[in-house]
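Below is one structure, written out as structure tokens; comments come after it.
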Amino acid sequence: MRLALIAHDHKKDAMVALAAEFADFLQRCELIATGTTGGRLRDELGLSRVHCVLSGPLGGDLQIGARLAVGELDGVIFLRDPMTPQPHEPDINALVRACDVHDVPCATNVSGARLMLAAWAAKMG
Ligand SMILES: O=C(CO)COP(=O)(O)O
């Protein structure tokens, strides 16, 4: 399973907690993350194999969207902050749109992400 993990600043603690909950499953996945999110997952959970792209405001969402568009990702967990305007809002929308265009599962909140991760973990056995 090839997954992207992305979280805005106010959602990073939630992402780390979620990834800790599913650490056994995520260790067996190919992971890609935006810079700061990926750094925290590596440092705090030891997910050493997570591939980090640029930080979101510097183009990281676009890098992940480009991979997704050519079929290199099976799912996206993108914990967006709906309460804080982001300077790179067009990039965020482009990534979520790319998920819809290519019918790639995308969760943008913790409850949806937990459902997706549980389903994938069960499928992988
Ligand atoms: O801004 C982001 C997604 O839009 C996340 O980027 P970072 O993980 O580098 O903070």
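Each Cβ is built from the backbone N, Cα and C atoms, and glycine gets one as well.
A TrEMBL annotation is a machine prediction, not a hand-curated record.
Summarising the annotation, TrEMBL assigns domain 'MGS-like' to 1-125. Averaged over the domain 'MGS-like' (1-125), the predicted model has a pLDDT of 97.
Positions annotated as substrate binding site by TrEMBL: His8, Lys12, Thr34, Gly35, Thr36, Thr37, Ser55, Gly56, His88. Within the same chain, the residues at least 6 positions away from Thr36 (substrate binding site) whose Cβ sits under 8 Å from its Cβ are Asp9, Lys12, Ser55, Gly56, listed in sequence order. Classification of Thr36 (substrate binding site) by DSSP places it within a helix.
Counting only same-chain residues six or more apart in sequence, the Cβ atoms lying under 8 angstroms from the Cβ of Asp61 (active site, proton donor/acceptor) belong to Ile6, Thr34, His88, Asp91, Ile92, Ala94, Leu95. Look at Asp61 (active site, proton donor/acceptor): DSSP puts it in a helix. Look at TrEMBL and you will find Asp61 tagged as active site, proton donor/acceptor.
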